[in-house]
Ligand code: TZP
Ligand code: MG
């Protein structure tokens, strides 16, 4: 059952890929386009700048009825009362993140294999990232693509909410959904689009046609 990520598109920020626009500008466009889950993921900014942006994004996402997740920075997530945090395999363990942010918040964990999926469930993650489905240049320390095999394993065997990620584009999003993805995460395809609202609408139509 998909509860936490009960939406078709999971959007992430990346100012470096935003074609000269700020993350606040791009997020505003994504929220106006109806995005309902937004992850703040800025790898090259200083903590003070990130906090300032997250304060603004918390207000904007709340007004838009959008779930707001902060990547990596549990302290910033707590300071702005984000809805949750997203961590990777080499970040703090899920149990310790839970001790910090409390039971009412969302913890997402990136996973790349069936073992990591089972481990995420055992540790109490609220959702898992599944990927990278395809090769991507967006993430620097990315592992080899997992393809559809791991996605299909998750879909067939586990109820934990999941989001497919990595190299998902307008041209392949329908195929990812046909392979079982309930929710698709995209970075470059959305933040890099000239017309963000148009891109989100086209992605939605592709996803709907594949369901
Ligand atoms: N985690 C796995 S792949 C990835 C992250 C954050 C980046 C995905 O970016 P894009 O541009 O949608 O391929
Ligand atoms: Mg991380």
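Cβ atoms are placed via backbone N, Cα and C, with glycine included.
Among the candidates 110, 113, the residue that TrEMBL names alongside 39, 40, 41, 42, 43, 71, 139 for the 4-amino-2-methyl-5-(diphosphooxymethyl)pyrimidine site is 110. Set side by side, the binding-site residues 39, 71 differ in how many other CB atoms lie within 10 angstroms of their CB, and the most is found at 39. Summary for the binding-site residues 41, 139: the Cβ-based neighbour count within 10 Å is maximal at 41. When the Cα atoms are compared, residue 72 (Mg(2+) binding site) and residue 110 (4-amino-2-methyl-5-(diphosphooxymethyl)pyrimidine binding site) turn out to be 11 Å apart. Residue 91 (Mg(2+) binding site) falls within neither a helix nor a strand when secondary structure is assigned with DSSP, and so counts as coil.
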